[in-house]
Amino acid sequence: MPAIAIVGAQWGDEGKGKATDLLGGRVDYVVKPNGGNNAGHTVVVNGEKFELKLLPAGILSPNAVPVIGNGVVVNLEALFEEIDGLESRGHSCEHLKISANAHLVAPYHQTMDKVTERFLGQRAIGTTGRGIGPTYMDKVARLGIRVQDIFDESILRQKIEGALRQKNELLVKLYNRRAVTVDEIAEYFLGYADRLRPMVVDSVNLLNDALDEGKVVLMEGGQATYLDVDHGTYPFVTSSNPTAGGAAVGAGIGPTRFSRTIGIVKAYTTRVGAGPFPTELFDEMGEQLRTTGGEFGVNTGRPRRTGWYDAVMAHYAARINGFTDYFLTKLDVLTGIEKIPVCVAYEVDGVRHDRMPMTQTEFHHAKPVYELFDGWTEDISGARAFTDLPLNAQHYVEALEKLSGCRISAIGVGPGRDQVVQVRDLIQD
C-alpha cells in the first residue's frame with residue numbers, strides 16, 4: 001500500500017491533527033516528517049481535548065505506530081514533558097519511534113532564537129522562540145547534533161565543542177550573554193540518553209519495509225505550504241519544507257510511493273506572526289471568526305490573525321503539492337454569516353492577478369477581489385453526508401472546490417473526531 005501525505009495548505013492551524021486522527025484507525029504508521037515543537041495541533045477524543053506539539057496525532061491511535069522522522073528537530077525536554085502528560089491521562093507512548101538521524105534542539109538554540117528576535121526589533125519574524133530556526137541553521141551548516149550522537153559521549157562532546165566555538169562568539173560579543181560550556185550541554189543531553197534509547201530506530205528502513213509489506217504509512221506534515229522556506233511568504237516562513245516534497249525527504253520515503261496527497265484547508269484563513277495576509281480582517285467579523293473558531297495558538301496562546309478564504313492561495317498550494325484531495329475544515333464556524341466573501345483574485349497597483357503574484361513585494365501589496373456567497377443559519381455540526389448540509393453550504397463548498405482546482409473529499413463540521421462529512425474515502429478511491 002503506498003504512502004499518504006497530509007499537508008497544510010495555508011499558514012498552519014488548518015486542522016491537520018483532526019485529519020490524521022480521522023485516518024489514524026486505518027493506517028499502520030503515522031509519521032511526523034518535519035518541524036519541531038514550534039507548531040501544535042489539537043485533537044478531540046471522546047470529548048477530551050489533547051494539544052500535541054512534537055508527537056504525531058497518531059500517538060492517540062492504539063493500532064498505529066507513531067514515528068518522528070529524520071526531518072524533525074527534537075527538543076528532548078519538551079518531548080518527554082509531552083509524553084508524561086499523555087501517559088498521566090492514560091495514553092501509553094511506548095510504541096513511539098524516533099529517527100536516529102533527527103536533529104536535536106540544544107538550550108543554546110533557544111537562547112539564540114530569543115535574542116535574535118529581540119535584536120531584530122521591528123524586523124522580527126515572530127518566531128515561537130523555541131530554537132527551531134537556529135537548529136535547522138546548524139543542520140545546514142553541518143554543526144548539528146543528532147539523536148544518535150548522544151549515545152557516544154566522546155562524539156557528543158566533539159560536536160558540542162564545534163558548535164560552541166561559533167555560538168559563544170555570537171552570544172558574548174554580539175548579544176552580551178554569557179558563554180555556554182561543553183559540560184553543561186553534554187550533561188543536558190546525556191540525562192535523556194537512557195530513556196530515549198529504546199525509542200530510536202532506523203526510520204528509513206522501518207517505513208520502507210512497512211510499505212513493502214503492504215502497510216499504510218501516513219505523513220502528518222507540520223506547519224503549512226505558505227510557511228515553507230522555498231514556497232512560502234519569505235522571509236515570514238519556517239526553516240523547513242512543510243510541503244509534500246518535504247514530507248518525502250523528512251521521512252526518507254521516495255515520492256513515487258505516495259498515492260494520495262491531502263491538503264488541509266480552513267473554510268476561512270488564519271495566520272500567526274508577521275507577514276502579508278491579503279484577506280485579513282480587522283473588524284468585528286475578524287473577531288467573530290477568532291472567537292467562534294477558537295483561533296488562539298496551541299503553543300503560545302497568541303490570538304491568530306483571521307480573514308476570508310483565499311482561493312488564489314488554495315489553487316497555488318494545490319499545484320505546489322500536487323494535491324489529490326482537499327479536506328475542508330471548520331465549515332461550521334461560518335454558520336450564521338449572511339454573506340461570505342471569497343477571494344478569487346488580487347489587484348496589485350490597479351492590475352488584476354488571477355494567480356499568485358511572482359514576487360513577495362507584489363503579494364504584500366495585493367488587495368483581494370471578492371465574490372460573495374449566500375450563508376446559512378442551520379446547525380451543521382450533526383451533518384455526516386454532503387446532502388445533510390444546507391443548500392447554501394453545499395454551494396459554498398462546491399464553489400471552493402472549483403476555484404481551488406482540487407476536489408474536496410472531506411469537510412469538518414465541528415471539533416469532535418467524528419464531526420466530519422466524508423464525500424469520498426481518503427485512503428482508497
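Glycine residues also receive a Cβ, built from the backbone N, Cα and C atoms like all the rest.
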Swiss-Prot records Asp13, Glu14, Gly15, Lys16, Asn38, Ala39, Gly40, His41, Arg142, Gln223, Thr238, Arg302 as IMP-binding residues. Which of Thr128, Thr256, Thr291 is assigned to the same site? Thr128
For Thr42 (GTP binding site), the close binding-site residues (Cα within 10 Å) drawn from Thr128, Gly301, Arg302, Pro303, Arg304 turn out to be none
Which ones, of the binding-site residues Gly40, Gly301, Pro303, have a Cα no more than 10 Å from the Cα of Asp13 (active site, proton acceptor)? Gly40
